[in-house]
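Below is one structure; the comments refer to it alone.
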Amino acid sequence: MGTTLQLDIYAIGACGRKEPVRYLLWIRLSRALRVTEFFEKLEKDIRLNYLFTRIVKLLVVEVYCTHTAACIFYYLATTLPPWEEGYTWIGSLKMGDYSYAHFRDIDLWTRYITSLYFAIVTMATVGYGEIHAVNTKEMIFVMIYVSFDMILGAYLLGNMAALIVKGSKTEKFRDKMADLIKYMNRNRLGKRISKEIKDHVRLQYESRYNESSVLQDIPASIRAKISQKLYEPYIRGVPLFRGCSHEFIKQIAIKVHEEFFLPGEVIIEQGSMADQLYFVCHGKVEEVRKPEENETEESLLDLHTYNSVGEISVLCNIPVPYTVQVYELSRLLRIDKQSLVEILGICFSDGRVIINNLLEGRESSLRSKILDSDITLNIAKHESELTMRLNCAAHDGDLYRLSRIIGAGADPSRTDYDGRSPLHLAASKGHGDITVFLIQRGVEINARDKFGSTALLEAVKNGHDHVASLLMEAGALLGIDNDGTCLCEAVAKRDLDYLRRLLDSGINPNSKNYDFRTPLHLAASEGLFPISVLLLEAGASVFAVDRWGRTPLDEARVGGNKNLIKLLEDAQGSQLSEFSTSFGKQDEGQRVRCTVFSSDPRDLKDERRRVVLWVPQSLDELINTAKAQLRVSSANCVVSEDGAKILDTDMISDGQKLFLVRESTRSL
């Protein structure tokens, strides 16, 4: 009051009674907000009767509105000069024998009561009373005032009805608070816990418009879109979910719930098992290690926006090693463990990403607990099950189901208990479309199962030439450890088609088994004419020598098959002619290189030392150079891959494999 009076004196003294200055005094109406806040506090105070508080508030609203209207009515009358006051509602007013002519001379109290009476009667009778507007300004204001009165009347009647029905949110809050106080008093929970409970309930009431209960009557699909819009940016920024799929982030955003916490409130207690995972949206949360005897409380880490709370306990089923409490008013998102596990069951590939993110920067002891946790085992179980589903789809040739499973996050390169991938099964069954799809997905095409088979070998074994050609175009290899043994087994089984597919896959027809026998040796000894023809067409050599020094022609002569003997003799002559021609056409200036090994050709170890050399003019120069490079001092001759001794450098072809040995040792 004192402040208002001083401002009025300064304003009138400075500017007189000018109308613009008088209009500025209307700014004081904003102080009505303080009255509103005052009554809101009274309504929440359970020590006061809610019905009485509410009725007083409604009366104050009515009195304030009529008081304001009365002031405006009187102000409109004063806007006309004294000689025209008969054209105002109060100047023309006559009640009984009392006339309000020259109303400016009537005492202030009478004028105020008359204006207030005019305002109340106009509101109560909706504009029909013994006092009425006279000039145009007053008529316009009466119309506005009556329209406002209809809204005010509906507000007052609605609040009175709510008091009778007892359904307002504030009254429910008071009833809930009263029940909580009774419960806390009965159980003697103490002042600290009681204060935390009351503060939290009051915070829930004040933030009720942010709760999901506001949307409970909206369809689930729309609620999901709203949650996704509000919470997905926060979920995407959580380091725990870095690298996860969009579908996983979307499902988490739909399932989270929003909560507010006051400063000092404990979210998770040290040593407890958390079943809720929290994400900080706004505010500040800190991790604190509670002291033991004679120890002070230790602050470990401050958590801000995008940080997660309780992830170790939720994902690994271990007690929380610290207490998480609120440092300042915070807004957090919460998802329960069951919902998280269900989402990981659908998007299980993201579970592996989460575990890897969780392992970053952790101590070794904690890392072992994470790796041994139920969630890790659960993820591994889902991965194994999905791998089986992938292999079943590949086995059945169901490309649509296979692509759907891979789209859900399954890894097409994973193998089952036998080490077989979907590509193995697709190749073995001849499903070309699935083979092409998996190759385009970038799977490992040369992976071997537990039996040593590659996808190409499976296609060759089962006679799927089209699939084999697709794999070979993609760079697939047979992956056979001993080509010679494999070819000899095919010859022994007399499987001409299988042998042809092996040769078409690029296998060397001169490969040898453990006895240095080539497939042609075996075919000649068994008298297998068609197989011998196939091998010769593939480039098999009739000069190959086995462990006992016999060639395929020698084996054929022992068997006595004349047709086969003639075939091999003709092939021998043809190969000798080609050999002579190739050497005759060799340009003298063309350099020839060879690979020299430091061991006997019968030694099949892969770790043998070797060196690539240009073939010199003399054999002695080649032997000395190879001995120097391979650091071998006892060797004194060079033999071919067949074990034949090289006598001259002109006998060496380009790219030929030679073996540096000691002649005396070799003769033994």
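In case you wondered, yes, glycine gets a Cβ from its N, Cα and C as well.
For 55-77 (among others), the entry in TrEMBL reads transmembrane segment.
The transmembrane segment annotation in TrEMBL covers 109-128 (among others).
The transmembrane segment annotation in TrEMBL covers 140-165 (among others).
What TrEMBL records for 240-361 is domain 'Cyclic nucleotide-binding'.
Through the fold, the repeat 'ANK' (418-450) approaches residues 390-391, 393-395, 397, 399, 402-403, 406, 412, 456, 458-459, 461-462, 464, 466-468, 470-471, 474-477, 479 of its own chain, all at least 6 residues removed from its boundaries and within a Cβ separation under 8 Å. According to TrEMBL, the feature repeat 'ANK' maps to 418-450 (among others).
For the repeat 'ANK' (451-483), the predicted model reports an average pLDDT of 83. Per TrEMBL, repeat 'ANK' is recorded for 451-483 (among others).
Taken from TrEMBL, the feature repeat 'ANK' covers 515-547 (among others). Per-class residue totals from DSSP over the repeat 'ANK' (515-547), listed helix then strand then coil: 17 helix, 0 strand, 16 coil.
Under the heading domain 'KHA', TrEMBL lists 593-668.
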Other parts of the chain folded back onto the transmembrane segment (55-77), taken as Cβ under 8 Å at six or more residues beyond its ends: 29, 32, 35, 39, 42-43, 85, 88-91, 103, 111-112, 115-116, 118-120, 122-123, 137-138, 141, 145, 148, 152, 155-156, 159-160, 163
Tertiary contacts of the repeat 'ANK' (451-483), as residues 6+ beyond its ends and Cβ separation under 8 Å: 418-419, 421, 423-424, 426-432, 435-436, 439, 445, 497-498, 501-502, 504-508, 511, 513-514
